[in-house]
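Copied over from Swiss-Prot, here are the features:
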- CYS40, CYS43, CYS59, CYS62: Zn(2+) binding site (BINDING)
- 36-292: domain 'CoA carboxyltransferase N-terminal' (DOMAIN)
- 40-62: zinc finger (ZN_FING)
Amino acid sequence: MIKNLLNKRKYITVSSVELNDTELSEDEKPNIPSGMWSKCEKCAKILYTEDLRENFNVCPNCGHHFKLGAYERIKYLTDENTFVEFDKKMIGRNPLDFNGYEEKIKGYQKKSHVIEGVVTGEAYIAQRKVVLCVMDSNFMMGSMGTAVGEKITRAIEYATKNRLPLIIFTCSGGARMQEGIYSLMQMAKVSGAIYRHGRENLLYITVLTNPTTGGVTASFAMEGDIILSEPGCLVGFAGRRVIEGTINEKLPDDFQTAEFLLEKGFIDKIVQRKDLKQVITSLLRMHEVDYE
């Protein structure tokens, strides 16, 4: 008996290879709902998606700002149930008969749950009425085509007519190549509407989000009276490799970041997403004018 007590207990060993090769049946597989967990693109930490949403879609570990859909951003920013959307059914056409373009638009509409690359409308922020344009990178990387340009222009004209402050959240890969020159002309059209809005001494705030590039950067993104940005945003016109290849020089590591632009005086302030509503409210209050 004593001998048995002193003997080491023996275990049946199973190799990890055998375990890894074993196929679990459907009943044995863990039932984890799709979308329950998210992985941070910067620090690779696995995050509970509900906690991430409660933290404004910002990683609590490293502060990385996840991409936000247009309607999510509007929900975070505006007073509850005050947003009224403009031109809800306006979608892009295919002016150049670009092969497969209509199918691509339909695919992105299904995938992103928006019908175009921008959502526009009016809402209240801290009980102050504003006009909002929020670009959505989930739809063709927020590229600017005729529908995007037209929706933004109409929203600006509405703000001008009703003497309202204008806030545009930019997020774009630039002009939409499938629409060619029709896409490029939106830069001038939107900029003209911005000019007329400014001529009436009305406030225009831009908020740069990741990424803001190409024709959007070269036009209305950098025309705001006040230019804010979320941390770590890519902001530029041409791509890094294109510039380095053209000038045959190595660019700084922080080139085309919001922090670099702040240092050089191109933007006014970098704001954490959780603080955006408070900062914008303060700006609206400072520039408040009674026109009656």
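Here the Cβ of each residue, glycine as well, is placed from N, Cα and C on the backbone.
Of all the binding-site residues listed here (CYS59, CYS62), the one with the fewest other CB atoms within 10 A of its own CB is CYS62. Listed as Cβ neighbours of the zinc finger (40-62) (distance under 8 Å, sequence separation of 6 or more from its ends, same chain) are residues 68, 72, 76, 272-274. Under DSSP, the residues of the zinc finger (40-62) split into helix, strand and coil as follows: 6 helix, 4 strand, 13 coil. In sequence order, GLU41, LYS42, ALA44, LYS45, LEU47, PRO60, ASN61, GLY63, HIS64 are the same-chain residues whose CB sits within 8 A of the CB centroid of CYS40, CYS43, CYS59, CYS62, the residues recorded for Zn(2+) being left out. Per-residue pLDDT, averaged along the domain 'CoA carboxyltransferase N-terminal' (36-292), amounts to 93 for this model.
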